[in-house]
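Swiss-Prot lists 1-35 with the feature signal peptide, giving sequence analysis as the kind of evidence. According to Swiss-Prot, the feature motif 'Cysteine switch' maps to 82-89, an assignment based on similarity to another entry. According to Swiss-Prot, the feature Zn(2+) 2 binding site maps to C84, H219, H223, H229. Marked as Zn(2+) 1 binding site by Swiss-Prot: H168, D170, H183, H196. Positions annotated as Ca(2+) binding site by Swiss-Prot: D175, G176, G178, I180. What Swiss-Prot lists as active site is E220. The repeat 'Hemopexin 1' annotation in Swiss-Prot covers 295-343. Sequence annotations record features per position, and here Swiss-Prot assigns disulfide bond to C298-C484. Here Swiss-Prot flags 344-386 as repeat 'Hemopexin 2'. Annotation comment: Swiss-Prot describes 388-436 as repeat 'Hemopexin 3'. The repeat 'Hemopexin 4' feature in Swiss-Prot is assigned to 437-484.
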Amino acid sequence: MARAACLLRAISRVLLLPLPLLLLLLLLLPSPLMARARPPESHRHHPVKKGPRLLHAALPNTLTSVPASHWVPSPAGSSRPLRCGVPDLPDVLNARNRQKRFVLSGGRWEKTDLTYRILRFPWQLVREQVRQTVAEALQVWSEVTPLTFTEVHEGRADIMIDFARYWHGDNLPFDGPGGILAHAFFPKTHREGDVHFDYDETWTIGDNQGTDLLQVAAHEFGHVLGLQHTTAAKALMSPFYTFRYPLSLSPDDRRGIQHLYGRPQMAPTSPAPTLSSQAGTDTNEIALLEPETPPDVCETSFDAVSTIRGELFFFKAGFVWRLRSGRLQPGYPALASRHWQGLPSPVDAAFEDAQGQIWFFQGAQYWVYDGEKPVLGPAPLSKLGLQGSPVHAALVWGPEKNKIYFFRGGDYWRFHPRTQRVDNPVPRRSTDWRGVPSEIDAAFQDAEGYAYFLRGHLYWKFDPVKVKVLEGFPRPVGPDFFDCAEPANTFR
């Protein structure tokens, strides 16, 4: 203090100012240090500049292990990882969690039948696309638990879904394109069930040209159901976004959600209903009995096979088997009507077109679904330029899904989705497909462009380059697709 007083007296003599006047001038002039620390007016009041700093401050010790592929340029020239906005727990990496990677939020729903409502939608996508994607994201969790989800369109739902910008009322502001993609609130918290997506992201479905809504939504719904972030490799509940297709739960995700809610409940079996001896005598209605027990997948042939949303669906006698990345999914086989209400049983053929619509054939009729929503049918095959007996198999071929072939007996037709007609009502002979049997039950194309033809318990793999069946085929379907025991005598 003595030194400061001496310094002020010295300055007063140099400037020829009385000491009281010098002190008054120092108080009135703005402090250079304070001026440097104060942000520009536009930044001080900008809602975006303040929010993300508060949010990222609550994300402890997570950015050091982020792969470079997760980082994107920000408007300021720095880099930000694409990630969920739910803060990570500090003890996610502690020793206690190394064996059990999944982390629970401490809450769970006390019921298994939940409702959801979408309040606002992103501008890039059609509303029905968003609804279908949200339903698929919830289905990822319902397939491995007893949970069910039903959409409602008014009032308060258990899960409230919204697309919002910047500050939106929950003290977790969004930051514009990139960075924070979405966040959600856990069960038994003050905003339980709320899920918010950043409206300013470039939302897409099923591709990496933007941010895949299906993957982000499925991740956020994991939070809504009670899961925290995990450090397990390739887990859906990792805090950082990486595009993966098709979407699937990791073993860690599955263990976590089943720890909270258990495994899916199997429908109780009951004796098959008996028909009265007078059934049909006083009515012209036909009673359709759904099968109660699926056929043995290792002993059966299949009615139809199709690649739908990047997954394989095998159809038989009203049931469907769903394979993702070569693995049968939990909860399957299941009744096909679980996905496609009103679908007849059995189906003769099925395929998914380039627009994502799914076509089913039975007898002289066909049906079209947009996802799981029926949009057409039953309609006559004659509308497509086909006459006579049913379609036995349908094959979508080519990377653009623009080559569709219908097979029947030893004949085939090429179908044009744009005109909704076959190119010629007169079929060509299936001998054009070298090595493929004349009579087939089903056909599909894999992700690498190979075509598969099924007949009975066997399948033939067709090379699109050499335009013929590969050496070593046919092979049995059961062992190659469902891990069945290899038959003792296999026809080669």
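Cβ coordinates come from backbone N, Cα and C, glycine included.
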When a 10 Å sphere is centred on the Cβ of H229 (Zn(2+) 2 binding site), how many other Cβ atoms does it contain?
25
Looking only at the repeat 'Hemopexin 4' (437-484), how are its residues distributed among DSSP helix, strand and coil?
6 helix, 19 strand, 23 coil
Pop the mean pLDDT for the motif 'Cysteine switch' (82-89) in here, whole number is fine.
54
Per DSSP, to which secondary structure element type does I180 (Ca(2+) binding site) belong, with helix, strand and coil as the options?
strand
Alpha-carbon distance [H183 (Zn(2+) 1 binding site); C298 (disulfide bond)] in Å
44
Those binding-site residues from D175, G176, H183, H196 that fall inside 10 A of H223 (Zn(2+) 2 binding site) by CA distance are H183
Candidate recorded positions D175, E220, C484, pick with smallest Cα gap to H229 (Zn(2+) 2 binding site)
E220
Which ones are near H196 (Zn(2+) 1 binding site): of the recorded positions D175, G176, I180, C484, which have a Cα within 10 Å?
none
To the nearest whole angstrom, state the Cα distance for the pair G176 (Ca(2+) binding site) and H168 (Zn(2+) 1 binding site).
13
